[in-house]
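As given in TrEMBL:
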- 42-145: domain 'Ig-like' (DOMAIN)
- 303-424: domain 'Ig-like' (DOMAIN)
- 1-27: signal peptide (SIGNAL)
- 580-607: transmembrane segment (TRANSMEM)
Amino acid sequence: MGAPSPTPLSSLLLLLLLLMLGARCYARQVHVPKGPLYRVAGTAVSISCNVSAYEGPSQQDFEWFMYRPEAPATSLGIISTKDSQFSYAVFGPRVASGDLQVQRLKGDSVVLKIARLQTQDSGFYECYTPSTDTQYLGNYSAKVELRVLPDELQVSAAPPGPRGRQAATSPSRLTVHEGQELALGCLAQTKTKKHTHLSVSFGRAIPEAPVGRATLQEVVGLRSDMAVEAGAPYAERLAAGELRLSKEGTDRYRMVVGGAQAADSGTYHCTAAEWIQDPDGSWVQIAEKRAVLAHVDVQTLSSQLAVTVGPGEHRIGPGEPLELLCNVSGALPPSGRHAAYSVGWEMAPAGAPGPGRLVAQLDTEGVGSLGPGYEGRHIAMEKVASRTYRLRLEAARPGDAGTYRCLAKAYVRGSGTRLREAASARSRPLPVHVREEGVVLEAVAWLAGGTVYRGETASLLCNISVRGGPPGLRLAASWWVERPEEGELSSGPAHLVGGVGQDGVAELGVRPGGRPVSVELVGPRSHRLRLHSLGREDEGIYHCAPSAWVQHADYSWYQAGSARSGPVTVYPYTHALDTLFVPLLVGTGVALVTGASVLATITCCFMKRLRKR
């Protein structure tokens, strides 16, 4: 038997069921946030509303109603997207002023905005959507409760005032030195009965600028989850430990900026925000207040550092002590944890440009050192007062004459022990004159015998004459040679062959041929150089260079004068008999002729060279 055919009644019921199921697929739903929502009087609030599963146009209209706690059954029309006259009289002025407004986000989504909450705004808010559906199915409105809390947030500068020199004004004016710590305190608390969190931020605005989010640059802040974050320009300093933010007690917050810089000047504010967690789990800021902490002026070291020297112009004799004083002045922080200083003296010969070369200095640790060329001398650099430094040369020399300047450098300490130079200043030039000894030297040198041959010893003598100078003057003499180069005598630098110092100690240089050389004092003012086993490579122009030396009471020596003799030509001749040793196979006659020709050629070449000289 076949299946029974459906009756007309069962078919009708099935059709109705399908129509009902299809209609339920388009049941309108209106959505608002979960409540209750807690907000603070005087602040703004935004309540969103959207509709889904609707029929009709994509742009839907919305109407907002309010139910106050004292009349929960009475709806009060607030605002509508399609009717400008929708508002009840109690809300009309606020809608007209913009304090109450509805903003469309999309065709099916809007947000109700209240710019400044009032206590009487507590109640239930209903979002209603007029029907555009073919059938009345689903949910056409939704409600959310809003509770307005009193403003219990308090923010102020924390007493006592920030570290530094503070004036008795409000807000306070604070001056700190470059490199010092800038410490500011802020009090922030709330008495709200609900569970809330506070976030606290320290910000800086340029002096006299109006305060706002556009002009206030965040320095560092403590977020509601207790994380510490810095504004972009201060991120590196936070990472380096130069910027710190801490919470002290229940309501006190302290910011410390280490190594204050000129760019840290400005007006500092403390901003506290109160946060509450909505039923959907998100944290929302419900209040914010800001307080001025201080107007901060960072006094740069470059604007304060000054250096003076004394006494005035000096005129002393050789061997006398030279004392110079340097005073570092200005409104400077003391040397220590945050700042450090170095002081030195520079000298330039009279008429020479620039600051000159370093004589002596004390570094930031107080350790003294001498400049190049002053090693071995009795020179003291010391600190004689809190900011006064003295340079003392035990025995001045004529070469110490010139202009002296005191150079001071200021450093600030960054993270850890790292020092950064922040400023430097030089004093005015201080002239120093040292009398000359008046020593005049003359030297005459010659080659003993006039002619020397290869293999012999060449003796060069130098006689020195002296006029003037103090008692105890000592003489030294050195011998120098210029070597021939490619058949011509070189005009390049001379090379030391040997000499005798003022203490009688011989000093030997490098002889061109590498053979023995001796230098000796043969009289009170007569020196001799001997070149043993003279060779062809010893050919050259020799001269004698005497110098006069004076020893001071501190046992140091200085050169009081010098001179240079005229040139002495040394040419090692070849013996005539040496030219005759020609291989006997050539024959005696040929050898004689050849030897005579060689001797004539050598003599001719030497005479030509003498004429060129």
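Numbering starts at 1 and runs along the chain as displayed.
Note: Cβ is positioned from N, Cα and C throughout, glycine not excepted.
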Between 0 and 100, where does the mean pLDDT of the domain 'Ig-like' (42-145) sit?
95
DSSP-derived helix, strand and coil totals, residue by residue, for the domain 'Ig-like' (42-145):
9 helix, 43 strand, 52 coil
Counts of helix, strand and coil residues, the domain 'Ig-like' (303-424), according to DSSP:
3 helix, 64 strand, 55 coil
